[in-house]
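The AMP binding site feature in Swiss-Prot is assigned to GLY170, SER196, ARG197, ALA198, ILE199, THR200, SER201, THR205, SER266, LYS290; the stated evidence is sequence analysis. The active site, proton donor annotation in Swiss-Prot covers ASP258 and rests on sequence analysis.
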Amino acid sequence: MLFLNAKFIDLDLGENAVIVNEDDLKGTSYYPQDRVLIESHAGSVIGNIYSTKTMVQKGEVGMLVSELAEISISEGEEVKLRHAEKPESIPFIKKKMDGQVLNPHEIRTIIDEIVSKKLSNIELSAFVSSTYINGMNMDEIGEMTKRIAETGDMISWEKNLVVDIHSIGGVPGNKYALLSIPILAAAGITIPKTSSRAITSPAGTADVMEVLTNVELKEDEIKRIVKTTNGCLVWGGGVNLAPADDIIINVERPVSIDPQPQLLASVMAKKIATGIKYSVIDIPVGKGVKIKNEAEGAKLARKFIELGELLNIKVECVLTYGGQPLGRAIGPALEAKEAIEALQDPKNAPKSLIEKALSLAGILLELGGAAQIGEGQNLAWEILESGRALEKFNQIIIEQGGTPKKPEEIELGDYIEEIIAPIDGYVTDINNTGITNVVKEAGAPRDKKAGLLLNSKIGNKVKKGDVLYTIYSGSEERLVSAVNLARRVYPVKVEGMLIERISKF
């Protein structure tokens, strides 16, 4: 047992940790990465030991701000460190690593210990990896989904008909929600849209919306906004909705994996938590996205529908084209700018963006009874073209604490590089993965001003020297890295009519 004085450390390690001077560890039974219980007069918290020579002095224990808040202690106060019990879920994680089926108790224990931070990031990574490799059956996924939802707040609504649109993502520039949500809200449909931040893409819906307004809102604020406007566009993590999901996502993000069991549970847990009764789920299909072909997409759609039945949520899925970015803008600020331009002048907006936004909104207009079957997309267009969607979008921005902006008022990265066509020809391919990696290298989504603007898309004719796309960044160093990557991976491919000259057999 160790008695040490707490010292505040302004550091975010993504998990609970205590930083101990290596001299205090000598001759004890405590070692780096040991799990310990930190106790004070006000409570206790579990963390893993990290050793240091200089960050804290002998007799001190470095504690992260989240831990200090969790047990309500002051800097300099004495705390006690003792060995914590091994998490109950460790054998269950090993069981899943061996490809075995987990029972409800085992699944609930894993999720509970994720939320209570009894599992280290290494242990959580092992669980995520095991589901990525070995998968889960529908009973396991259903149990995991319910427990993830139960770990946080549960929002209830006065109205019975509450709907939602969700995309599983993977498509760069997937900003459709900034059009679809205000279209539906303007039609009187209740649609409280909660989104995650980017996992595998350069910008999630929450990242894009955050360029324009506050997305970290509490439950009472969301209910007030939805009562006033019929809709919202907020970050689910700001509302304590399914907090286990956000912890899992933070482990998935560095390695850009999104295991299908977690994907299903993540999406549907948020639906349970936000009181959704009807949901349309967009499954992009194509090269460079999560789902490679229509057969895979149909299989995943059936799983969403089956899971929805287990959870008493009506789910309808749509397979959409994901073979190239949606619209021309990729990255938070650029996508926000393009979305506003589309709301202001839909006739001159990218057709792919308009078509997807109208199609998804149209389905829910029909499910919600605002339009007859087959007429939803027409009604969605009327709302968009009339300016009602823009008016509703600005109302949502104001209610969430922002100020409506004109497209030209949105700030982009100061460091810019244009990539030009090397030959005359046609754009024959746009590599989603390459585009995503280039934009991430430029700094997105953390750097909201970082992004990429496409001048040409697949099938467009270009001349040598034409600008294919422009990379933006808030950092000169990040821009150089992004440009170097772009020149290695060629995310936009141009080919001439002459493919190869053959003169010998």
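Cβ atoms are placed via backbone N, Cα and C, with glycine included.
In this structure, the binding-site residues ARG197, ILE199, SER201 were compared by how many other Cβ atoms lie within 10 Å of their Cβ, and the smallest count belongs to ILE199. The binding-site residues recorded for this entry are GLY170, ARG197, ILE199, SER201, SER266, and the Cα of ILE199 lies nearest to that of ASP258 (active site, proton donor).
The record assigns GLY170, SER196, ARG197, ALA198, ILE199, THR200, SER201, THR205, SER266, LYS290 to the AMP site; their largest pairwise CA distance measures 17 Å. Looking only at the recorded positions GLY170, ASP258, SER266, the densest Cβ neighbourhood within 10 Å occurs at SER266. Classification of ASP258 (active site, proton donor) by DSSP places it in coil, neither helical nor stranded.
Under DSSP, SER266 (AMP binding site) is assigned to a helix (H, G or I) in the three-state scheme.
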